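Novice: Quick paste from TrEMBL:
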type	residues	note
TRANSMEM	7-22	transmembrane segment
TRANSMEM	28-46	transmembrane segment
TRANSMEM	55-72	transmembrane segment
TRANSMEM	84-105	transmembrane segment
TRANSMEM	151-168	transmembrane segment
TRANSMEM	180-204	transmembrane segment
TRANSMEM	210-227	transmembrane segment
TRANSMEM	266-291	transmembrane segment
TRANSMEM	298-315	transmembrane segment
TRANSMEM	327-347	transmembrane segment
Amino acid sequence: MNRNKWNIILVSLLAIILGFVLQSIHMILPWLFGPIFASLIVIKVLKRTIKWPTWLGNIGLLILGIQMGSTFTPNVLHDIKDEWIQIILMSVCILILALIVSIAFRKIANVTFETALLSAIPGALSQMVIMAEENKKADLLIVTLTQTSRIMFVVILVPIISSIYGNDGTASGEIEKAPSIFTALDFTGLFVLLIGIIALYFIFYKLKVPVPQLLAPIFVLLVWNLYTGQIFSLDYPIIVVAQVLFGIRIGVQISDLINNLTRKTIFAIAFQNVSLIIGAFVLVFVFELFIDDNINDLFLSAAPGGMAQIIVVALETGGDVAMISSYHIFRIFFILLIVAPLIKIFLTARTRKYGN
């Protein structure tokens, strides 16, 4: 235990150092890539074992959730309400794209239909893994590796594409336009928000709602903004802390994944995830012909990956965080409430029809 604490301190210090180094050379997402590189160096080069505490990663996600929620101002919500049709269409198109890619993935990886299908659905890791556990024809290892390794491709490819069309990393300037949360709110306001976020987090956790660390603060801040009209933002150093805590967690996950990958699996997973990301990019150009939205915002809204990673990219590239969050929140609940149950029914019926 003591050795793990020292390893946690080591990786944290190295993450901060690398973050400053990458920031000084103007690399995209320095405070996300720095911690990821630090984790890989400590685990793979220094051969140390890191058991990153779940609560530290959750704190990082909660901070990001608070920043996301603070962007849902009354004016922003008024603008978003006119975009529900395109939000629904975008989600459906991304899922159709995932199903098409799963056909090729099945042939390349030589896996069952069930494995390919459950591996392809983006943004629903826990639901797909649970269904893979329940289905005898699904390869749990492949489904888990494919879903979790998508983080690597999202973290690497999405920022590169987004930085081309983004606002040249002016997110920090955007953040500073709103007053600091510590300036806008008194102790009572901060206390009420904290209690509300903690309470809703445990409710979501008990109900097994996906990513409660993000959704709880988002919904609490959304209600707060509508009820009080008090607009604020988190100080940029706090967001940096969140990225460091979250980035180390991703780095540890990536290190664990590398140990379980074969060449064939790596190629199949790379093909699937790169195809999904490029397909989403092409889809965005089609949408841009009919709607007047920033291409960076549309791409980050469509990008297949974890909402937390996408929002970090949005913050760093000057993206419309509220708009992008809306797309991903809708997709999460669309998959959770509609797509996942339909897939389960379909696979159950398929198993009964074709037998074991």
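Each Cβ is built from the backbone N, Cα and C atoms, and glycine gets one as well.
Because TrEMBL annotations are produced automatically, they should be read as predictions rather than curated entries.
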Novice: Pairs of Cβ atoms less than 8 Å apart decide it: which stretch in 180-204, 266-291, 327-347 has the most with the transmembrane segment (84-105)?
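Specialist: Result: 266-291.
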Novice: Applying the under-8 angstroms CB criterion, which one of 180-204, 266-291, 327-347 scores highest with the transmembrane segment (55-72)?
Specialist: 180-204
Novice: In terms of Cβ proximity under 8 Å, which residues at least six beyond the ends of the transmembrane segment (327-347) contact it?
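Specialist: 87-88, 90-91, 94-95, 114, 117-118, 121-124, 127-128, 131, 134-135, 138, 209-211, 215, 218, 301-302, 307, 310-311.
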